Amino acid sequence: MKHLVLASGNAGKLEELRAMLADLPLQIVAQGELGVDDVPETGLTFVENALIKARHASTVTGLPALADDSGLIVDALGGAPGLYSARYAGSPTDANANNAKLLEAMREIPAERRSARFYAVIVLLRHPEDPQPLIAEGSWEGVITTAPRGTGGFGYNPVFLDPVHGLTAAEMDTALKNRLSHRAVALATLQHKLHALSL
């Protein structure tokens with residue numbers, strides 16, 4: 001496996017994934033660089049959506065493909081925004097609108113009930129018909145702030161606080177965030193599976 005297509009059109013995700021995969025002996029190519037458009041995410045779970053994206057990119061390019069599907073799960077909101085995190089405030093996706101809607105939904109929720117987690121599923125398809133895709137998941141526990149903090153990252157980063165470090169994901173430097181994040185946990189699990197299979 002010399003080339004790997006990242007099946008995402010999300011610039012923030014692409015930057016994060018490229019940084020996390022930098023040590024692998026692979027040429028990482030974003031799907032857009034190969035003329036692959038985003039595919040509708042019609043799955044009912046994170047795993048289904050990641051598989052849809054990876055299969056689409058692998059089918060179009062003929063290359064192995066890695067896809068992530070992720071979201072923010074807020075306990076007090078019954079798991080919302082969850083699978084619909086990117087489109088929580090409607091389409092087209094708008095991180096500021098999503099954050100504003102989330103903070104409004106959480107306005108009356110006390111501090112002790114503001115628990116949340118980022119959750120990610122990463123899928124690797126070695127070829128379009130791969131019958132045994134490698135699937136890994138990761139989560140990052142935190143709490144929802146009462147106001148945005150920080151300017152780094154993307155998505156819900158300004159409103160997701162890591163209580164251990166006392167920083168939102170948007171306040172962290174890239175190295176710290178890429179060590180703690182749900183995507184980092186999932187990628188570490190995936191890399192372990194790859195080594196176990198000698199890929």
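Any Cβ shown, glycine's included, is placed from N, Cα and C.
According to Swiss-Prot, the residue from SER58, SER70 that belongs to the substrate site alongside SER8, GLY9, ASN10, ALA11, GLY12, LYS13, PHE154, GLY155, TYR156, ASN157, LYS177, HIS182, ARG183 is SER70.
Here ASP69 (active site, proton acceptor) is positioned 13 angstrom away from GLY12 (substrate binding site), judged by their C-alpha atoms.
Within the set of binding-site residues (GLY12, GLY155), the lowest number of other Cβ atoms found within 10 Å of a Cβ is recorded at GLY12. Under DSSP, SER8 (substrate binding site) is assigned to coil, being neither helix nor strand in the three-state scheme. Taking ASP69 (active site, proton acceptor) as the reference point, the binding-site residues whose C-alpha atoms are within 10 Å of its C-alpha, out of SER8, ASN10, GLY155, ASN157, HIS182, are SER8. Neighbour density for ASN10 (substrate binding site): within 10 A of its CB lie 18 other CB atoms from the protein chains shown.
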